């Protein structure tokens, strides 16, 4: 009989707070009149802010809970805070948008909160079973959110598509977990590594299991060739949901991959690294090349997000090398931060230009923005430059850290593919800048307080942090220290 | 931890103007122009002050600022700025050409003046940073940053094909610099430092790896120079850019490429430089001849000047890869000369274009009688550009040819007199196409453009006071360098001799290892 120890709850305190808040919000929302759903948004944001407080209070603490099922360490704290901020952005981008598009319902905010609970659990998972639970917990609200603009066929299609492929990829993960369990007689990440070390594990079986887990998460982070759903879902889903999905689901997916691969499977590095490197290369190439052909902003950004998954995957080629791995993983989570910031900024501006019935989403709708709204055009330029990795933006540093990790483990071909695809990406990012500044048009923009605050602050962060990237990278490095 | 105010002040003083401009009403165009001009003049003044403080006899880096910037794991990226003989003249050229270019836009740029000036001053910051940075990373950031304002200058204020030209310019340059980035990362990771002086001191990179690193840097710089066959972005960018953009592009941005070879390739990879010298010099000679021939066949004045840059920059590259003191000194001086002469040519082309709105040779002719001052100035600049003794071009080209001849002696790096011999033909070809251009515009029967302009309601006028003020400083230096180049050589000689010593040591080392 296992005695329940109250200390088990400590590592997941922020999770509990947010879950309780989300459930309460679901009930409270019933009593908020339909025309005042802004209050729900505000309450949801307050919940997130409160949880950020709890998460920050855990800085520097470490510990295991529930017999080693969940873990609290620098890595999880860093990502928890990042994910909670992601949630705040998801709410502030949606606040005016939902009203404008006539799909304002209180559930949106609770669903965002539930999804974040899943993402945070993913960052704290120390056991493959928990990884799976977290995966489902973060995904199911996202399926609903993708279809949130229902009666709109594109949104419903997005929801169904995301659901089917999500379920499919979930199957891969479960099957992979089962094989790993078969190979090592355990699902605890630490014990898997120990079993591999001690030689008691069945290596071929473990390899098959890890490959299946990789495939499952490949779907979640939209790595090629598991990316097929991304453009349709990103385009069809309501734009704030897309923004939230692009950042949040990617962060959570990579969090799980980083934790599982760098703690459970370093012994398989020799076999897995080439596969990961090829996945990274394919993802960068396909994402960037196909993005060139897009004329719809949402699709272009969807392919760009695939491409960025490829860049982050580069961090994994170093995971078996104990000297470089910490820096590489730190580079990976640093990149996630830069990506999240830039991502929310650029989606914010997409939202500002979007009109009802999917209008205002073509690249040509941005013509003349440089004259009409110089500040917004300047911010979008900053985001595009950041995505392309051009100074003075945060994106440049994100790329540089990743490339240096790849160069440090002598994967020169991958680094060269990385820089060449960056060049391709510069082409389509610049094209948007060209359209904004060098073509004439009359774009219609929406000005909403929360929305403006979002993209202006993201642009400011992108530029200002690019002069002092070291401290952010320092946090990221400290965060991954405990992983190894 | 060193800090010296002056180089930082020079580099970032244009930002003060930018900040001021941001708060000005964009309708007050004249005020904006004056603020931009004043800012660039102040920057020029500070750079002269820096020149006064500069010790020409000291070959080492001077006025060093070295602060730790980004320190993570075993990386150490520093904010490392300084000036030495290799860069001082280029810095002065930048601060000198910027106010001149701004003055040239007075009536040429009417649309979005504020944005134009902001981009222009930001471009100046980027260029100065490139010449001052002594840390590879800092250099890379400045280097990439110069693309951004130039891209907008071409893309917004350029000619009809401006968007194509702007994107081509951007992508070409970025393609090269990304490969350079990987080489920079390799150096930082394996040598443990990004600081150029430290890396030079460490040396000791195996020849096989030097070869790759040399190529990665060389492609980035060769695109910028541009060396044949990587030059195809240049005619587009030059022709489409607004006049001030062309002046800066030809005057300074191209020099970033040659400067890159000088600052990084030669001292960081001396053995590889020696190995590649015949190839680089060969490409330079091809560029000289090719640029000259293609120039001759152009129907557009600006295009002719653009292609002549390919030829002139070929001389610079030949001088640098002669790898001896004369060649390198000549190369550096020729960078300045090209900046002055070609800058002046672009200004002059822009001045006539403002009146006629065409640059096609066919419609020109017989302008000398109508515009004697313009004709005289054009003649001087043309002669300077083709290397007439007594004007600046001659001094540079002659020194380069001497260097290339010396390097062509048996047993020296180039090992053949052909390099010097063939490039001398380039000097003759330059005379042909430059005089051809002059003749087409100024001599012969009056061209149809005179009538066209009259029909439009105003006659062709000669240069006005502002235009003369714009061009006069360039003429002063064209004569000064042509007649008395000694002070200029004195500034660069010690640093160049220092560099040549590194190269000679590497040559000895190569002989040993063979």
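Just so you know, glycine gets a Cβ as well, placed from its N, Cα and C.
Taken from TrEMBL, the feature domain 'NADH:quinone oxidoreductase/Mrp antiporter transmembrane' covers A:125-425.
What TrEMBL lists as transmembrane segment is A:12-32 (among others).
Long-range neighbours of the transmembrane segment (A:39-57) within the same chain, counting only residues 6 or more positions beyond its ends whose Cβ lies under 8 Å from a Cβ of the stretch, are 13-14, 17-18, 21-22, 25, 28-29, 32, 77, 80-81, 84-85, 87-88, 91-92, 94-95, 106, 109-110, 112-113, 116. The transmembrane segment annotation in TrEMBL covers A:39-57 (among others).
Annotation comment: TrEMBL describes A:77-96 (among others) as transmembrane segment.
Beyond the transmembrane segment (A:108-126), the same-chain residues lying 6 or more positions past its ends with a Cβ under 8 Å from any Cβ of the stretch are 11-12, 14-15, 18-19, 21-22, 25-26, 29, 40-41, 43-44, 47-48, 64, 68-72, 75-76, 79-80, 83-84, 86-87, 90-91, 94, 98, 133-142, 144-145, 148, 188-190, 244, 248-249, 251-253, 255-256, 259. Sequence annotations record features per position, and here TrEMBL assigns transmembrane segment to A:108-126 (among others).
Distant neighbours of the transmembrane segment (A:132-150): 101, 103, 105, 107-108, 111-112, 114-119, 121-122, 125, 156, 158-160, 162-163, 166, 170, 173-174, 177, 216, 220, 233, 236-238, 241, 244-245, 248-249, 252, 256; these residues of the same chain sit at least 6 beyond its ends, with a Cβ under 8 Å from one of its Cβ atoms. Here TrEMBL flags A:132-150 (among others) as transmembrane segment.
The annotation transmembrane segment is assigned in TrEMBL to A:162-183 (among others).
Per TrEMBL, transmembrane segment is recorded for A:203-229 (among others).
Under the heading transmembrane segment, TrEMBL lists A:241-261 (among others).
What TrEMBL records for A:273-293 (among others) is transmembrane segment. Within its own chain, the transmembrane segment (A:273-293) has Cβ neighbours under 8 Å at 211, 214, 218, 223-225, 227, 300, 303-311, 313-314, 316-317, 319-320, 411, 413-414, 417-418, 421-422, 424-425, 427-428, counting only residues six or more beyond its boundaries.
Taken from TrEMBL, the feature transmembrane segment applies to A:374-391 (among others). Here the transmembrane segment (A:374-391) has long-range neighbours at 304, 308, 338, 341-342, 345-346, 349, 352, 366, 398-400, 422, 425-426, 429-430, 432-433, 436-437, 445, 455-456, 458-459, 462-463, 466, meaning same-chain residues at least 6 beyond its ends whose C-beta is under 8 angstroms from one of its own.
Counting residues 6+ beyond its ends, the transmembrane segment (A:411-430) has Cβ neighbours under 8 Å at 277, 280-281, 284-285, 287-289, 291-292, 294, 300, 304, 307, 310-311, 314, 317, 384-385, 387-390, 399, 402-403 in the same chain. For A:411-430 (among others), the entry in TrEMBL reads transmembrane segment.
Note on the transmembrane segment (A:450-476): residues 78, 89, 92-93, 95-97, 330-331, 333-334, 337-338, 341-342, 344-345, 348-349, 351-352, 375-376, 378-379, 382-383, 386, 391-397, 401 of its chain, located 6 or more positions outside it, place their CB under 8 angstroms from a CB of the stretch. Residues or ranges marked as transmembrane segment in TrEMBL: A:450-476 (among others).
Between the transmembrane segment (A:162-183) and the transmembrane segment (A:77-96) there are fewer than 3 Cβ pairs closer than 8 Å, counting only pairs 6 or more residues apart in sequence, which means the two stretches are not in contact.
Long-range neighbours of the transmembrane segment (A:203-229) within the same chain, counting only residues 6 or more positions beyond its ends whose Cβ lies under 8 Å from a Cβ of the stretch, are 128, 135, 139, 161-162, 165-166, 168-173, 175-184, 192, 196, 249-250, 252-254, 256-257, 260-261, 264-265, 268, 271-272, 275-276, 279-280, 282-283, 285-287, 305-306, 309-310, 312-313.
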